Each structure stands twice: as C-alpha cells, then as structure tokens.
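Pulled from Swiss-Prot, these are the features on record:
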- 1-24: region 'Disordered' (REGION)
- 33-55: transmembrane segment (TRANSMEM)
- 68-88: transmembrane segment (TRANSMEM)
- 117-137: transmembrane segment (TRANSMEM)
- 140-160: transmembrane segment (TRANSMEM)
- 183-203: transmembrane segment (TRANSMEM)
- 241-261: transmembrane segment (TRANSMEM)
- 262-282: transmembrane segment (TRANSMEM)
- 300-320: transmembrane segment (TRANSMEM)
Amino acid sequence: MSMITERPVSDPAGQSVSATGDGAVGSRRDMRAVVAAYVALTKPRIVELLLVTTVPAMMLAHGGLPSLWLMAVVLVGGSLAAGAASVLNCYIDRDIDQVMRRTKRRPLPAHTVAPRNALIFGLVLATVSVTLLAVFTNALAAGLTLAAILYYDLVYTAWLKRTTTANTFWGGACGAAPVLIGWAAVTGSLAPAAWALFGVVFFWQMPHFYPLAMKYKDDYARAGIPMLPVVASTRRVNAEILVFAWLTVLVSLVTWPLGAGMGPIYGLPTLVVGVIFLVEAHRLCRRAARGEAVKPMRLFHWSTTYLTVVFAAVALDALI
C-alpha cells in the first residue's frame, strides 16, 4: 500500500479536473507538500547536527580523510538511521505533539501524514540504514546503529521521556552514538579517543537541551512531560547546567592527549570556545538565580556553535 494518499482535485462545479492545466499544477503542488511532510518527519536539522560529529570522528579514527566511498556509505546510512529514529519518535509522540504549541504543526498532529504511513516509513528507513552499514562497513557499526534506534525510540521516547526528570541525561547516549558509529565504521573497534568524543557530545546535551526546556516550560507542562526545568527548582536546574557544561569542556580538553596525535589545531580553538560556552552558561544561571529575565535560547545557540567548532577542530587537526 502506498504511503502517499492522493486527493481528488475538483473544479468549483464539483467536476473532476483533467490531468492537464490547473489540475496538473494542483497535483504537483500536493505531491510536493506530501514529500515535504515526510522529510519534516525526519527532522533534517537534527540529522545535520549528528553528521557534524560523525565525519570528524571518522577522520580522527583514520588519521586523515577516509575513502570517499566509506564516508558516503556512513553519511547516507547515518542520515537514514537518524531520520528513522526521528520518524518513529514522531509516531510515538503524536499524542504529545498535538498538545504542545511548538509541535502541533508537525505532520502527524496536523494530519498531513497518516500514523500508519509514518510507522511504515520509519521502519523502512531503519531497515535500509542498518542493512547498508552491515553490508558495506562492519557488524559493530551496524549493531551500534540498530541499538541507537531501538534505545532512542523504545527506551527514551516511549518510556523515559514521559516518566523521569533525568530523561535528557538517559537520552544523551543516542545523540552521542554517531561518534561511535563513525569510528567503528573506520576501525571496527572503539578506542579511548572515541569514548572521549562520545563523552563530549553526551555531557553537552544537558546544557544544550535544558535551555530549550526552559523556553518551552509551559508547553512541556501542558503535555505532562517531566523535563527538569518543568518540575525542579531553579537552583537544581542551574546546578545541572553548570555541572554538565564544565564536564563537557573538561572532557573535550582530555580528548586532546587521547586523540591520535592531536595538537594545538584542536586544543586551542576548543579551549577558546569552551571558555565562551562556560561564560554563557554562568550568565544564564546567574540571571535565573536572581529572578531576572533570561534568554535561554542564547545558551542553546551558543552550545550548537561550541560543538560545531570543537568537531571542526577535530577534522582540521586530523587533516594536517
């Protein structure tokens, strides 16, 4: 059964419009809208961020630029896997998404895509991604990919997200998994440097996502999601943001000696953006503690810049 449901196009008199002229234009527009809806289910911006960490990890593992074929396979497989996880997340969370203002325009709550079709789409993407990596890389990379999809959707989305304030922490492993997958695809094993990069992305997710939860606190509360900023005190939220921000920066610096020959090309930019990241984290928490108006999305965006610079430095250092 096709995942794309065609809608009849009629003229004002109620008669069917021919496949040419205005009817054909309308059909093309409908098709583009359907395709756009399926793409939206994959959350492309999240996919992009995951790939930012995957390629540098592969380059560090290889000690330079891996073969273009291997990079293409991992990028395609990784994109499909991340897309699959997001689609299945949208399917499981469709009851929540229709309650939250931030998400009610997503394809499922907006009824642009039928839930059954979204489920099939997500399962197909997951199957293709794992198969691709199993055939063209190795069992470890494929196994990690499958584990990440299952953990994200069945453990985090369906269970932990709805039941514990530590949901962001326990879900962090999924966001950091692409680092391990990329490394494993190159070497077939996981070195200490791979785990260090994993740690950077893992710890980074708390000071990245807590500000987002602060901004949409009322939205999460309306949906009954126990995000830490929704149910905990300002003091508790501030403490976790600062602890994990410091852990992120410290682990990124520990990665310097653990990396295979990484030098100041990695270390200096990482140190500079780490200081800025910590300054922004402390600024947000200080204002929140004083009861002043805060701009949590400032830290959210800075954290994205921080991670991008760190992994760009990993890639550049591996090349030189």
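Backbone N, Cα and C atoms are what each Cβ position is placed from, and that goes for glycine too.
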**OP:** Output the single range from 68-88, 183-203, 241-261, 262-282 maximising the number of Cβ pairs under 8 Å to the transmembrane segment (117-137).
**Re:** 68-88
Original post:
So, does the transmembrane segment (300-320) come close enough to the transmembrane segment (33-55) to give 3+ Cβ pairs below 8 Å, pairs being at least 6 apart in sequence?
Top reply: yes
**OP:** Go through the chain and flag residues at least 6 beyond the ends of the transmembrane segment (300-320) whose CB is under 8 A from any CB in it; none is fine as an answer.
**Re:** 49, 52-53, 55-57, 59-60, 62-65, 197, 200-201, 204, 207-209, 211-212, 215, 248, 252, 259, 262-263, 265-266, 269-270, 273-274, 276-277, 280
Original post:
Who are the long-range neighbours of the transmembrane segment (140-160) in its own chain, taking Cβ under 8 Å and residues 6 or more past its ends?
Top reply: 74, 77-78, 81, 84-85, 88-89, 92-93, 126, 129-131, 133-134, 166-167, 170-171, 173-174, 177-178, 180-181, 184-185, 188-190
Subject >> Chain residues outside the transmembrane segment (262-282) and at least six past its termini with a C-beta under 8 angstroms from it >> reply: 60, 207, 241-242, 245-246, 248-249, 252-253, 255-256, 298-299, 302-303, 305-306, 309-310, 312-314, 316-318, 320
